[in-house]
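Below is one structure; the comments refer to it alone.
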2 protein chains.
Amino acid sequence: MARWDPNARQRLERAALELFVRQGYDRTTVAEIAERAGLAKSTFFRHFADKREVLSGGDALTRLLTGAVAAAPPGAGPRQAVEAALAAVGAQAFTAERHETVRERQQVVAANPELTERELLKREALAAALTAALRERGVPEPTAVLAAVLGLLALRAALARWTARPGQDFTALALAELTALCEAAAAL
Amino acid sequence: MARWDPNARQRLERAALELFVRQGYDRTTVAEIAERAGLAKSTFFRHFADKREVLSGGDALTRLLTGAVAAAPPGAGPRQAVEAALAAVGAQAFTAERHETVRERQQVVAANPELTERELLKREALAAALTAALRERGVPEPTAVLAAVLGLLALRAALARWTARPGQDFTALALAELTALCEAAAAL
DNA sequence: CCGAGTGATGAGACCTTGTCCCATCACCAT
DNA sequence: ATGGTGATGGGACAAGGTCTCATCACTCGG
């Protein structure tokens, strides 16, 4: 019944998250995930480069952040561009309805060093992409790196708070974190 | 002849780096490394949690950085404490005689995503340790995080330049990077 | 001098991840 | 229907990593 169902990739992602939440990442085998999705082990590796990648969620976040930076008004400085990027993420990625899924995913990742490693690699790539987007706006070199890093620092801190309790607005949390960081930076 | 030679761990590290440089990380098996060190595969995993860990170099860098922060004069602010930490690293870790080894290691790591992931995890742990050391000095929360991140950012940038060409002083490079970052931060 | 204890090692069975190849199946166009 | 295309299944295979048990060198007390 499963063969040729169109959403193989999505089915694998869902099956993986469910199993990881229920019994843990390392007590879940790839064969198990594939079976639950109605597929074979070899098919799993056709969709994902490795077991960790099934939780990566693609490059949606990167496109969201860099897109918002590029779309910021011409007069906006790096600070405003990063704020726009955080607002975009709050509006389209970390919304109230996705709260539960994001929270589960965060917990699974935090509980496993392997997954955390992968997360850090993604964040590094994200930082590079953000820096490039800022440079594209004419932001000079050291400032672009700094603004990108601070933006991701604020994003991560806000995400931790947002997943901890429901009902809060991610954008507000992120902007508050960014403000605190910028004030601390000015006083250095 | 090798059994009971005292420096098993060091022998494994050397053998690994040599093989990685000569034939690449993923074309080198753990069995090969162990054989070259005169040991068995199972002994390798008694000394290192996994294949990547053989290049981690232990926690010497962490102790160096946090130690220097803790030993900074009481009147010094976070900026001066981080500068002291960078100077300590330049004086005791990234010295001229270790230049070649550090350069080889950097190249191997940069060429392999798996090793880069591990490196990022180490850097994250390092950032946490640095932040804690600064907090211990009474530096308030957002400032401690920021100073630690900027310090590591400067360290990484300086390391890239230092390994690129020999003969330069690491400390001077790192302090220059930090100054540039702080100036950019003040202008945000 | 000898024997028990200790700690590092060797050897090998075993499971999982990840790669690769080939046969198979569904769907589509002619 | 007929052949092409692309996703899948299945299984063999290498390497990473875990675990257990036997072995060896060294030490210390009798």
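Glycine is no exception: its Cβ is also placed from the backbone N, Cα and C atoms.
Values in this document were obtained by computation on a predicted structure and should not be read as measured data.
Residues annotated as domain 'HTH tetR-type' in TrEMBL: A:6-66. Feature annotation from TrEMBL assigns DNA-binding region to A:29-48.
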Exercise. Using DSSP, what's the helix, strand and coil tally for the domain 'HTH tetR-type' (A:6-66)?
Worked result: 42 helix, 0 strand, 19 coil
Exercise. In this predicted model, what is the average pLDDT of the DNA-binding region (A:29-48)?
Worked result: 96
